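Now, the feature entries from TrEMBL:
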DOMAIN    2-79  domain 'DED'
DOMAIN    90-157  domain 'DED'
REGION    265-290  region 'Disordered'
COMPBIAS  265-286  compositional bias 'Polar residues'
DOMAIN    298-424  domain 'Caspase family p20'
DOMAIN    448-533  domain 'Caspase family p10'
Amino acid sequence: MDFQKLLLDVGKALSRDDIKALAFLCTDLLGRNPNSVESASDLFSRLEDQDRLSSEKPHLLKELLFTIQRHRLVRELRLSDLATTSLISPYRKLLYNLSEEITDDLLREVKFLLNKALPRRKLEDNVTTLEVFMEMEHLDVISDTNLDTLENIFQSVCPMLNGEIRRYKAQQVPNTNLIAQEMSRPRSLSFPSQTSTSLPRTGSIEMQAFPPLAICPMNSSKTSVDLFHGGDECEALAQNLSSLHTEARRCASLEEVKHFALEYSSSQENTNSSGKQTSQTTNTHTEGLGTYPMTSAKRGICLIINNYNFSESRVELKKREGTMIDEKCLQEVFEWLGFEVQTHRDCGKRQILSLVSELSRRDHSQMDCFVCCVLSHGLEGAVYGVDGQEVKLRQLTDPFDGLNCPSLAEKPKLFFIQACQGSVEQRAVYIEADSRAPSRICSDAVRARDSIPSKADVLLGMATVPLFVSYRDKTNGAWFIQSLCQNLVQMVPRECDLVSIMTKVNADVSKKNAGSYKQMPQPSFSLRKKVVFPVPKSSPPNLRPELQVCSHNK
């Protein structure tokens, strides 16, 4: 396809907001105010004039479209095979990603806090988040090396956003000093490596940077590197990283390693500050495994996000037939367990993040734990809003950690995700002759992407293992959710702990099949004690007979 025709097609497919976002991302490349860009054609022409974009150099186009999450457009225009580049500065991507997380309500609060720092004309209702950031840059309130003002604002209105800034700052630290500063004791991580590429920044210094995680999914099974506290070891690590380029094409990011290191350090600080961890050695032979307290009048909040209708999605996603059955079962079971259930249907990315942010700021001190159930389409490490925008799993979990939600510190945070982690279907070990029954069995699959780390006192129950699909019966609901509900009803009265219940869910779901295809859920957790729900005094909900776990093949 002629390259100019390709650019024309891209321009036609972009909304006005998309064009503004692309212009903002290209601010450092163009060296001018993005507000002067009038159209996609205008932007592309300027990039061509500066030799940033051409038929021989189309990589920036792919990176721009990936950054604004127009993945389907990349596939349709056959740009997926192009090499991944890092031409856009991490700082510019940071500001864009932050703008995507800021809801209209949060933006009003941000503008209010900036009332003394920016002209009132720049704080009117029609001024977008990106325009606010541009004005802050213009007045030197923020820069690629000074984000203190933003951090102070976010600490007041939405602390979880500071996690993005912390990860950005970690990426800017010189490699030989990073681990020594952030690690307090040895830690072993596994990740594939990639050679770095030269990356322009907004200042005069040129850095070595790794590709962003958004376009480089992490596969933890490839390469193992031990990170140690100390300068010599870090220097050796840097040399090891540079020598691991043989697997570079598998995509990894040093940013992810830094993110793990930061989270580990933060987790250690939270644990130490609780006053319950000492430097004394624990005798594992004599000390039994404790149980989280479940003595409050209110068990906790159970948030259910149920996405059914994806007709307005920017990504081609089908309606999730059968999900209303899952919602009803979850609501009945968790109300029976003593939770205050809050159900929200057909939520876009911003609404999901707003719900999570609002709940994380709520006082949970008189509650025992927190539960979040998300029913949606998904991919590895993320779920989809009904608008087709990805919500990373850590954006769901991080707001409830001990740092962002102190009233839930040392209390179990339980997340159950009914969504695919990829598009691969698991084959049964023995192929049976049952038909596929496509009219009833659906999957919540799309392409796979990055995964998430865990923090203390969290259980994450995924419907399937990474890279694979999960199945949903249009008539009876999702295999994973129905098995979870049934086993909670059956095993809580026997005072079984939650990990044992999740193991039983694994066993039950693994016996089901869609023709020759199987499903295996994946519970992962950082729990330090057993989660044992008190036996409710009321009778358990009467789940329909056809929902008996593994009673027949679907």
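Including glycine, each Cβ sits where the backbone N, Cα and C put it.
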- Please work out the helix, strand and coil residue numbers for the domain 'DED' (90-157) from the DSSP assignment. 46 helix, 2 strand, 20 coil
- Item | the domain 'DED' (2-79): DSSP-derived helix, strand, coil residue counts | 53 helix, 0 strand, 25 coil
- Across the whole of the domain 'Caspase family p10' (448-533), what does the mean pLDDT come to? Round it, please. 76
- Message: Please list the DSSP helix, strand and coil residue counts for the domain 'Caspase family p20' (298-424).
- Response: 37 helix, 42 strand, 48 coil
